[in-house]
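So that you can see what the record holds, here are the features copied from Swiss-Prot:
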TRANSMEM  41-61  transmembrane segment
TRANSMEM  78-98  transmembrane segment
TRANSMEM  107-127  transmembrane segment
TRANSMEM  148-167  transmembrane segment
TRANSMEM  184-204  transmembrane segment
TRANSMEM  213-233  transmembrane segment
TRANSMEM  248-268  transmembrane segment
Amino acid sequence: MELLIKAFIMGIVEGLTEFLPISSTGHLIIVGKFIHFTGNFATMFEIVIQLGAILAVVFHYRKKIFASLKNLKPGSWGFNLWFKIFIAFIPAAVIGLLTHKYIEEHLFSPFTVAIALIAGAIMMIVIEDTFGKRYKIDNMDKVDTKKSLLIGIAQVMSLFPGMSRSASTIMGGMLAGLSVKAAAEFSFFLAIPTMFAATTLSLLKGFSAMSLLEWQALAVGFITSFLTALFVVDKFLSYLTRHSLKPFAYYRLAVGVLMILLVAEKIVK
């Protein structure tokens, strides 16, 4: 029962944070330390529940996705959409494959997450103040190949635990001239191949036999992550039509500073 409760908590954390610019990986590391949810199963669990979050995006955009897949002839709207997503996917995919092992071995710690949270927060504030109201593109369908590549290059920052894939791609979108909402929508679509590839790679490397209780925990985490992420995606897009990203930046700063203090006091290692 204790494992199922932890799975429920971690599923909520993943669903709440995956598509907000506050780093799901960072929060999973931090919360996992506090509730003592660590080890090989925890690592695989965190990978699997990301699939729940991916499915939430697919479900939210199901009409647009299905419409785009009906016509993939070169030059068509559907082809252009997924070609641009593919271009944006390449930089993080290549660099991620080359650095995956090093990152897992050396950067998955509360302290490095705290530094990334703070650095990302400062970048979010500066970029929004500088580019937030200068956008020329208010629809992700208007993004061209060069801008897609710029967003993809920005996504490389998210390989550093705590930086946030969502924050990195939204900031990249704003630098490319997109409105915050258009950047967020592009980020959501880019999440589909990016997270699916990362999850598949990690599962191929780390999947192992599990007990019945562990299978139940996976199911609880997956479903909880899906339902929570589905709620967050809808509300976050509505929020961005009227509000700033700065509250998320201030939250990142607060959590980052708190984590550094906890590490310094050896409360968290």
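Backbone N, Cα and C atoms are what each Cβ position is placed from, and that goes for glycine too.
Computed from a predicted structure; not experimentally measured.
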Using a Cβ-Cβ cut-off of under 8 Å, list the residues of the same chain that are 6+ residues beyond the ends of the transmembrane segment (213-233) and lie near it.
3-4, 6-8, 10-12, 14-16, 18-20, 41, 45, 48-53, 55-57, 59-60, 188
Which of 41-61, 78-98, 107-127, 148-167, 248-268 has the most Cβ pairs closer than 8 Å to the transmembrane segment (184-204)?
41-61
Are there residues at least six beyond either end of the transmembrane segment (78-98) with Cβ under 8 Å to its Cβ atoms? List them, or say none.
67-72, 141, 143-145, 148-149, 151-153, 155-156, 158-159, 169, 186, 189-190, 192-194, 197-198, 201
